[in-house]
Amino acid sequence: AEAVREETRHQHPAPWSQCCRIRADDGGIEELATEKEAEESHRQDSVNLLTFILLLTLTILTIWLFKHRRVRFLHETGLAMIYGLLVGVILRYGIPSTSYHNKTPPSCTLQERPVSTVLLNVSGKLFEYTLKGEINLREIHSVEQNDMLRKLTFDPEVFFNILLPPIIFHAGYSLKKRHFFRNLGSIITYAFLGTAISCFVIGNLMYGVVKMMQVLGQLTDKFYYTDCLFFGAVISATDPVTVLAIFNELHADGDLYALLFGESVMNDAVAIVLSSSIMAYQPAGANTHTFDASAFFKSVGIFLGIFSGSFAMGAVTGVVTLHCFPLLETALFFLMSWSTFLLAEACGFTGVVAVLFCGITQAHYTYNNLSEESTKRTKQLFEVLHFLAENFIFSYMGLALFTFQKHVFSPIFIFGAFIAIFIGRALNIYPLSFLINLGRRHKIRGNFQHMMMFAGLRGAMAFALAIRDTATYARQMMFTTTLLIVFFTVWVCGGGTTPMLSWLHIRVGVDPDQDLQPCGDRQSKTKQESAWLFRLWYTFDHNYLKPILTHSGPPLTSTLPACCGPLARCLTSPQAYENHEPLQDNDSDLILNEGDLTLTYGDTWGVNGKRSDSTSEDALERELDTREHELLSRGTRLVFPMEDHA
């Protein structure tokens with residue numbers, strides 16, 4: 001009987017053993033499916049990255065052709081946007097759906113608010129799902145219509161933490177000092193006061209547009225006054241990269257170039273801090289979108305605190321250097337510049353402001369402590385990173401018009417935004433120019449003002465600020481509108497730069513760093529027009545900061561009182577006493593090159609070790625008037641010091 005029961009057990013296995021075998025088979029099938037899905041995802045990621053690399057390659061080849069043919073009606077950034085648009089159309093409408101996910105997502109109901117992470121129990125196994133954003137009920141079946149489109153939409157933090165720092169750093173690192181410091185007061189006025197005026201003018205005008213949309217029934221969700229002010233701050237960030245490139249090629253007026261370039265550099269920093277302050281605006285009470293005086297002044301304090309803290313952090317980290325092997329110097333230089341941005345963001349400040357002033361500080365101090373090989377490496381490295389990052393962002397702009405799946409197109413809002421930015425720019429440039437001219441000996445002429453009005457392009461910064469938050473209906477509408485404004489200004493305003501220069505009779509074809517006056521008149525003019533704030537700072541920098549932070553003189557023993565002799569000898573680098581041949585720089589007119597340093601420090605600390613009677617005021621005049629012969633190309637100034645045969 002036992003033998004019969006054993007034989008029966010083998011012939012008819014127990015139900016539990018069959019279940020185990022089925023579960024094992026199901027587990028194996030699930031593992032194979034997971035591996036296949038991972039392999040498919042990896043392949044698709046490679047295709048996506050290859051798409052962007054091919055876009056950049058095609059843009060570079062076309063740029064070469066345009067430069068060879070001397071085509072100026074379309075800049076490389078506009079060209080990158082066109083290629084991005086074409087690829088976006090192909091990906092959106094020319095490639096069928098390739099989704100391999102289950103299109104019937106599980107549903108659950110939460111009564112309070114959405115959560116960032118959900119743990120889903122499937123047959124005893126826990127799976128983690130992360131929040132991607134809100135979707136409409138009518139779009140629930142097309143959420144994963146095409147995985148390529150979904151993956152081509154980058155995380156906004158990629159722009160802020162990876163692509164934006166090289167662009168902003170290069171702006172500060174390649175700053176051209178002579179005309180910039182001559183117009184420093186005007187640049188600060190346009191950047192700070194002008195950006196604030198533009199922000200509030202655009203914000204209030206757009207609030208009127210939103211109210212009109214409510215009356216006409218064109219608004220399907222909430223749109224608050226603070227949202228309008230935030231849009232005003234975002235769209236006030238100018239980026240006249242196309243205009244400045246054409247100015248370089250045509251050798252346009254140096255003062256006009258400095259005003260536009262300086263305003264755009266400082267304007268980006270002000271716009272991002274202003275947008276952060278508006279987001280921090282929190283009135284007391286139930287309604288958080290009404291005006292509250294205490295909350296307003298708190299936002300102003302936040303603005304000042306963030307800007308000053310970011311400035312201090314960038315300036316401090318910018319002076320860190322290591323004088324050793326060229327490769328290690330370059331590596332530390334690169335890491336310190338990038339870590340400045342991330343450190344500021346981690347501390348609650350603004351990385352854009354920090355990395356901008358880090359670039360200015362490194363160019364003014366740290367650059368002079370590097371070896372000759374490291375100076376060439378750092379300039380070329382950041383120039384290439386800036387070029388690739390900028391064109392990548394503009395290519396992505398064209399692509400995002402078709403691949404971004406949360407666009408909100410509102411013709412009334414878009415048309416109102418174009419009118420608002422025109423009025424905001426006009427109320428920024430013309431009234432402030434009138435006030436600035438009251439205190440300037442060298443007036444900003446009317447044709448310069450018209451050109452600055454025309455050159456208020458929007459670009460990478462406005463796009464990066466808009467795409468950073470697209471979670472709500474209002475932010476999605478802002479992003480779509482910002483994208484269209486960038487397209488229009490880059491193509492129309494950028495393409496019309498050359499005809500506008502001719503129509504406004506702005507001088508071109510001359511070296512902007514060569515004044516037509518004789519040497520004596522040129523020195524007198526420079527002395528009169530140099531910003532008084534910069535002149536005060538230069539005296540302090542020339543006598544105290546340069547000896548401490550660089551290896552070139554004058555030593556502190558010659559500038560500090562005799563009672564501070566021990567401290568002066570402690571803080572002065574030994575190379576400052578031995579280095580009678582100052583550090584050279586033949587690549588940028590921001591850094592003091594050989595001619596600048598010889599004129600500046602050679603008459604202050606003579607070869608015989610005695611201090612001469614020349615003052616820092618005289619050194620400033622000679623430094624700002626050093627003549628250079630420049631070969632200008634797009635984004636690059638190759639400087640060849642001219643010998644004085646007098």
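Every residue, even glycine, has its Cβ placed from backbone N, Cα and C.
Copied over from TrEMBL, here are the features:
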type: TRANSMEM; residues: 47-66; note: transmembrane segment
type: DOMAIN; residues: 59-503; note: domain 'Cation/H+ exchanger transmembrane'
type: TRANSMEM; residues: 78-95; note: transmembrane segment
type: TRANSMEM; residues: 158-175; note: transmembrane segment
type: TRANSMEM; residues: 187-209; note: transmembrane segment
type: TRANSMEM; residues: 229-247; note: transmembrane segment
type: TRANSMEM; residues: 300-320; note: transmembrane segment
type: TRANSMEM; residues: 332-360; note: transmembrane segment
type: TRANSMEM; residues: 381-402; note: transmembrane segment
type: TRANSMEM; residues: 408-427; note: transmembrane segment
type: TRANSMEM; residues: 448-467; note: transmembrane segment
type: TRANSMEM; residues: 473-494; note: transmembrane segment
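Counting Cβ pairs under 8 Å to the transmembrane segment (229-247), the stretch among 47-66, 187-209, 300-320, 448-467, 473-494 with the most such contacts is 448-467. Contact counts against the transmembrane segment (78-95), taken as Cβ pairs under 8 Å, peak for 473-494 among the stretches 158-175, 187-209, 300-320, 332-360, 473-494. The transmembrane segment (448-467) is in contact with the transmembrane segment (158-175), judged by 3+ CB-CB distances under 8 Å for residue pairs 6 or more apart in sequence. Scored by C-beta pairs under 8 angstroms, the transmembrane segment (381-402) has its highest count with 158-175, from the stretches 47-66, 158-175, 408-427. Within the chain carrying the transmembrane segment (408-427), a Cβ under 8 angstroms from the stretch's Cβ atoms is held by residues 197-199, 201-202, 205-206, 208-210, 212-213, 216, 218, 231-232, 235-236, 453, 456, 458, 473, 476-477, 480-481, 484-485, 488, all 6 or more beyond its ends.
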